[in-house]
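Over in TrEMBL, the protein carries these features:
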type	residues	note
REGION	1-22	region 'Disordered'
DOMAIN	23-221	domain 'tRNA-guanine(15) transglycosylase-like'
REGION	229-272	region 'Disordered'
COMPBIAS	249-258	compositional bias 'Low complexity'
COMPBIAS	259-272	compositional bias 'Basic and acidic residues'
DOMAIN	296-495	domain 'tRNA-guanine(15) transglycosylase-like'
BINDING	C434, C436, C439, H467	Zn(2+) binding site
REGION	552-600	region 'Disordered'
COMPBIAS	578-593	compositional bias 'Basic and acidic residues'
Amino acid sequence: MTSPLKFQIKQASTKTSGAGESARCGTFALSQPASTVPDQQHVKRTIETPGCLMYSQKGAVPHLTPDNLRQQSFGGVNVSLEHILQTDQPGSFSKWPETSPISQFNGYKFTLSEYLRLQDLITFCDLRDYSFAADTFRHPTSPPAKKLASNTDHHTVLSTPKGIRQLTLDGYLKTVRHYRPDVVVAMADTIAETTTPNEKRVRKSVERSLKWLDQILLERNGQDGTIADRRVEEEKKRRRERKEKKRNAAAAAKAAGEQQEHEQKQEQDQVHGEYKKGEEIYIEPIPSEPWTDVGLFVTVGGAHLEESRVWSAQETAKKEGVDGFVIDTLSLSELDKDSRLKHVQTSLAHLPENKPKLLYGLHAPEDVLEAVAMGIDLFDTSYPFQLTEDGKASLYYYGPRPAGQDKSNSNTLRSINLWDDEHGDKFVPILEGCGCYACKDNKHTRAYINHLLKTHEMLATVLLMGHNMYQYSQFFTLVRESIQDGTLQENSVAFGATFGKEPIRTLEKHPNQVIVEAALQKRNQRLDGAEEGVVGVIGMGSAVPSLGAAVGAEDVEMEDGNKSNKKRHESDEAGEDGGSKDEVVEKKVKKAAESSSSPL
């Protein structure tokens, strides 16, 4: 069938040998039906490759508002199913609109893109969140990866916001039919164990993934992909019924003293084929529509075993209807970077060159350069997101130093941490010459962002995320230019010599961040306690939130409050003024109401 995805290689590396010989530039786009082209909100952006899909959590790009999101040059968003699947799905899909309830899209299919308001971006839907596959890039607030329950022949295990969930193939197919993402990754038995899997586990994962892929391809072509599984289940059911019938007949014959006659009759029945194995069972096919508007990527696995890597890549490459490939690195989390890249290269060597490849788990710029040289086309933007979470701002560049950076990055630093006190009096932009919203026209200084971080203002992470995403996009732009002019290898060596390697990311937070978050937590606990006391008097459902705020403002001291107020608060809690605790709170509520209603 015709694929809605169009991947075109514009130019390969001009190098004839050595590193970078497999690097190529191209475009990754979604073809649009003629009827929707006039509607500009339905026309998807084109992703220039090597390029990125924007990392998202629960369908939203972290820290970026919709207007800042559109300022980024990335053309697609990566959405993880395990972030958005709820406990009542796919059952709740009965309420999913068939056509768009949005007025400007009336008459069109209601899709995941419209639900997330990402109509102008390519929506790439995968099962898992692979951004924290490597321990060196794990978010400080996330615990180390823990082993999930094992996958089976009937389901794969996902870690959703509502807990561990078993996603069956039928549930996966229902999800795709209703969500209709622009691109979806085939359901696969991805190894998520924290320890290196054994050979039996690896081979089983490849077998399951290939079996599920065959069924998904049937569904994509409008055929019933689960009919074989239903036939097997029906055979098992009939076999159980025959055994139960046999046991009941034997028990009845024994009770009647006719055991010998029963055995003779059983032999005759077997001869006549009553218990014949492999009898023809008819299963009614389930009608299905082809996925004419959904592209399909496939995960290439094999873990750390070279033979399994080759087997998975070769068998997957033979399938018709596959639009692209995701190279598995989740099962390689225990290996070092060089070993991972070696296994990635093994998989790439057996995949067709004319189809796009996506790689998770290697995010740092120097790792991206090595993967690009191997022929990887797509990455995700979890690297700038994780820098933002740490309060860091990117200063690196690729190729010749851009004009205007000498003042702000004279030491060729890879990044700076704006939680550091040293930036509190630096009234200069994050990076001289940067064209992002935070740096352009010197709108926001390092001192200002340092202040925003320490006061826990969300604008701090908005500015940092916008800057880091812009620098990441500029990095990929210059990489594409280097491929076109044949300087990829030269510039990559220079980048490594200038900025070195990405430092190992620990689980420790900056001391200033720890202090701010501890103070916020303490304040929130006190405010929560005050609100609970007011609810106990006023009752649930009361429409007087301002009274609760007034009591909280009167009774709850911030950390810099004086000791006398704190002592008065403690005595009131104990009811030392002659009344019970509830009576004291009720008096305060009345007092707050009178003061709020009195004229100024």
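Every residue, even glycine, has its Cβ placed from backbone N, Cα and C.
Around the Cβ of C439 (Zn(2+) binding site), the number of neighbouring Cβ atoms within 10 Å comes to 24. The average per-residue pLDDT of the prediction over the domain 'tRNA-guanine(15) transglycosylase-like' (23-221) is 81, rounded to a whole number. For the binding-site residues shown (C434, C436), fewest C-beta neighbours within 10 angstroms: C434. Shown in sequence order, P429, I430, L431, G435, Y437, A438, K440, G466, Y470, Q471 are the same-chain residues outside C434, C436, C439, H467 whose Cβ sits within 8 Å of the Cβ centre of the Zn(2+) site. Listed in sequence order, A393, S394, I430, L431, C434, C436, Y437, A438, C439 are the same-chain residues six or more apart from H467 (Zn(2+) binding site) with CB atoms under 8 A from its CB. Broken down with DSSP, the compositional bias 'Low complexity' (249-258) shows 7 helix, 0 strand, 3 coil.
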